[in-house]
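K.L.:
Per TrEMBL, the feature (6S)-5,6,7,8-tetrahydrofolate binding site maps to L128, G132, H133, L134, E252. TrEMBL lists 16-385 with the feature domain 'Serine hydroxymethyltransferase-like'. The feature N6-(pyridoxal phosphate)lysine is assigned by TrEMBL to K237. Sequence annotations record features per position, and here TrEMBL assigns site 'Plays an important role in substrate specificity' to H236.
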Amino acid sequence: MSVTPAPTVDAAEVLRRQDPQLADVLLGELARQSTTLQLSAAENFTSPAVLAALGSALANKYAEGYPGARHHGGCEVVDVAERLAVDRARALFGAEHANVQSHSGSSAVLAAYAALLRPGDTVLALGLPYGGHLTHGSPANFSGRWFDFVGYGVDAETGLVDHDQVRTLARTRRPKAIVCGSIAYPRHLDYAFFREVADEVGAYLIADAAHPMGLVAGGAAPSPVPYADIVCATTHKVLRGPRGGMVLCGSELAERVDRAVFPFTQGGAQMHTIAAKAVAFGEAATADFAAYAHQVVANARVLAAGLAAEGLVVTTGGTDTHLITADPTPLGADGRTARNLLAAAGLVLDCCALPHGDARGLRLGTAAVTTQGMREAEMGRIAALLAAVVRGEVDGARARGEVRELTLGFPPYPAAHPASYPA
Ligand SMILES: *Cc1c(COP(=O)(O)O)cnc(C)c1O
């Protein structure tokens, strides 16, 4: 990451003259992110260049439609940003078509469904208790209300996707689409297997690759693009761009996907975010990013092994990706209690479902700490500290001090000196 001034510090100084309350919020959050460990599997630190695009005048521009065919005047400059984002996404992922307008990962999934399905259609997806996303059929989400979702699961022993069940459910329920992708699955998915099942029953295959897409960009995970009819993803998470979504597909679905995003499910595109996506795709195409993606996985493997050695039950026995899920019960605390103890100690992570039983587990990832420059040695320290906190061997304040000391050696925005943080 380049050592240019952190835009959040500059922005807070501009803001301070007008609105000191919000300036304190900006700097307070920067301090929190810089002095605690961001182990949430979905989070990362975008570069100062990405933040600069997000905070730019492109935020002012209305641009409904697509480059060269907008419903507003004055789009000639922002059109360049969107063309760059589309071209870079296509090249990065080897896709015939890319739509970069989705406001989020969820809106990208909504667009994929809108492009391929009608209300009431049957869709086969990983069940929510096994790591399916809300958009994979939750009754609290549009997906569960408008489609007939059938959930497949993971093997209770191995934690791996139950391929036999996927095949059986596909044959008996004849879904219009099969979704593969998860918020908590630590292993690579077998996209060729899902393609084969989809072909056998005449279903579309939608890959929701929000989590691994950054690893795909860096060549550290297999790509769903050659297999899926539509690939949805976020541009944040491991990919390290701005919060947002994208949809990739072949040329034959391009028009349907574009119409599904705008005007079917969204209005005006957010041009500052699209410019930031272009910046992030540019970064993700570099050799530095490929090295980063491989280091993310190497770090996750060491962290998973460290947690297992401390006595946590690591789902699937390890990881292929940035993501780890683990049951802390053998250390004397359930997932929720452990998460709260860890949060107080400055180790920020999430709870998740576990393949066996109703107990909640811990979900963590190495995307953010790897961006900070942490490597295998630091993963060992984090595993030991995490276990000590959950076991109650070290009190919150002392653990908090250790975390602070560790993070100060790896500032996510080096130019934002801790002296600029509010006390
Ligand atoms: C993160 C995620 C999403 C949703 O992304 P948002 O930007 O939060 O809407 C969708 N599907 C999967 C599998 C995800 O991991």
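Cβ from N, Cα, C; glycine included.
Note that TrEMBL annotation is computational and uncurated.
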K.L.:
Taking the Cα atoms as reference points, how far is H236 (site 'Plays an important role in substrate specificity') from E252 ((6S)-5,6,7,8-tetrahydrofolate binding site) in Å?
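P.N.:
Cα-Cα distance, H236 (site 'Plays an important role in substrate specificity') to E252 ((6S)-5,6,7,8-tetrahydrofolate binding site): 27 Å.
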K.L.:
Within 10 Å of its Cβ, which one of these binding-site residues (L128, L134) has the largest number of other Cβ atoms?
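P.N.:
Going through L128, L134 one by one, the largest Cβ count within 10 Å is at L128.
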K.L.:
Expressed to the nearest Å, what is the distance separating H133 ((6S)-5,6,7,8-tetrahydrofolate binding site) and K237 (N6-(pyridoxal phosphate)lysine) at their Cα atoms?
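P.N.:
One finds 15 Å between the Cα atoms of these residues.
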K.L.:
Out of G132, H133, E252, which binding-site residues lie by ligand 1, with a C-beta less than 6 Å from some atom of it?
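P.N.:
Listed by sequence, the hits are H133.
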K.L.:
As a test of reading the model: what is the averaged pLDDT for the domain 'Serine hydroxymethyltransferase-like' (16-385)?
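P.N.:
The average pLDDT of the model in the domain 'Serine hydroxymethyltransferase-like' (16-385) works out to 97.
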K.L.:
In Å, how large is the greatest distance between any two Cα atoms among L128, G132, H133, L134, E252, the listed binders of (6S)-5,6,7,8-tetrahydrofolate?
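P.N.:
For the residues that bind (6S)-5,6,7,8-tetrahydrofolate, the greatest Cα distance is 31 Å.
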K.L.:
Let me know the DSSP-derived helix, strand or coil state of L134 ((6S)-5,6,7,8-tetrahydrofolate binding site), please.
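P.N.:
Helix, per DSSP.
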K.L.:
Look up the residue listed as 'N6-(pyridoxal phosphate)lysine' in the DSSP assignment and report helix, strand or coil.
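P.N.:
SS state of the residue listed as 'N6-(pyridoxal phosphate)lysine' = helix.
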K.L.:
Which of these binding-site residues is closest to the residue listed as 'N6-(pyridoxal phosphate)lysine' if you go by CA atoms: L128, L134, E252?
P.N.:
L134
